[in-house]
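Notes follow the structure.
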Amino acid sequence: MVRLCVICNKERAIVKRPKTGQQVCRECFYYVFETEIHNTITDNKLFKKGDKVAIAASGGKDSTVFAYVMKLLNQRYQYGLDLFLLSIDEGITGYRDDSLETVKRNQQQYDLPLKIVSYSELYGWSMDQIVKEVGLKNNCTFCGVFRRQALDRGAVILDVDHIVTGHNADDIAETVLMNILRGDIARLPRCTEICTTGDGSIRRSKLFKYTYEKEIVMYAYFKKLDYFSTECIYSPNAYRGHVRTFIKDLESIRPSAIIDIIHSGEAFEIKEGVKLPVQGVCKRCGYMSSNELCKACMLLEGLNRGLPKLGIGKIFK
Ligand SMILES: Nc1ncnc2c1ncn2[C@@H]1O[C@H](COP(=O)(O)OP(=O)(O)OP(=O)(O)O)[C@@H](O)[C@H]1O
């Protein structure tokens, strides 16, 4: 028996949506997928006409699908946005160099200007060099801290108002759980926000907050989008990977687990009187920081002094 799409009731259902379990046809899947992003944009009044927006593009599935959908929605709903692709070259041979080739093809395919900023030019260190110093265990800390700041610096170069990233619902659920597991109450409320303001006036948004990774993969597959699918060669031991596996296991028995974790993260409130770090600026580079020196400057100082573990709380090499 042919099962019809539960949305249009005309076409044959070929997709079971991982998020809702609905059986839908291909066109209706595209439509609901894209409309959820559009609703996130309009419900949160994220943009105004003329805004300059940088799409943080790594060449992976999330940011590739994201760039495609942003371009499409900008045209379909006439947001009037000036879109750019912004890529960070962390200097990971055999991984980022290949994925940047994908971004360069995406630039042609989507006809968007591309800016690439590298760790070597910003910090004087590539991830290949950092891993040689720190090993595989803590290198993700360096990469994450440097990337966050590098995206802001790239945004300043491009003179954009807003950075949008391809973080999806699975990523956000992972971050909620990691913050709970580490007892990081300062980060917990912020990690579920769709839009935050970073350094200066540049806003940062996660428009895939409610989009399941499995649906992103399906969308990319059906649309035959050109993306790079290899995992980072330096992250085999990352704590996040274990949390990801745990959430995937939960999702297989209860698909709503991902959205439930996000909702739990949103529901936490910090008790009155709890002391939180006060946001200031780094005395060395001027980037936002709750300490005298920002995390990136701490890590960099450790690297430059030959004590790479200094910034991660360990003084000896
Ligand atoms: N090198 C980079 N340059 C620009 N943006 C990046 C880079 N790495 C990550 N990002 C941004 O951060 C988001 C989340 O990064 P993460 O490392 O979780 O990658 P991911 O889940 O593999 O996503 P993607 O599939 O887009 O690579 C990406 O979707 C992208 O918007």
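Even glycines carry a Cβ here, placed using N, Cα and C.
Keep in mind that TrEMBL annotations are predicted by a computer and have not been checked by a curator.
The record from TrEMBL ties Ala56, Ala57, Ser58, Asp62, Gly166, Asp171 to ATP, and of the options Ile88, Ile92, Ile194 it ties Ile88 to that site too.
Under the DSSP three-state reduction, Ser58 (ATP binding site) is assigned to coil, being neither helix nor strand. Across the domain 'Cytoplasmic tRNA 2-thiolation protein 1 C-terminal' (281-310), DSSP assigns 11 helix, 3 strand, 16 coil.
Farthest C-alpha pair in the ATP-binding residues Ala56, Ala57, Ser58, Asp62, Ile88, Gly166, Asp171: 19 Å apart. Counting Cβ atoms from all protein chains shown, Asp62 (ATP binding site) has 23 others lying within 10 Å of its own Cβ. Note: Ala56 (ATP binding site) has non-local neighbours Ser63, Leu86, Ser87, Ile88, Leu151, Ile163, Val164, Thr165, Gly166, i.e. same-chain residues 6+ apart with C-beta under 8 A of its own C-beta.
Each of the binding-site residues Ala57, Ile88 was scored by the number of other CB atoms within 10 A of its CB, and the lowest score belongs to Ile88.
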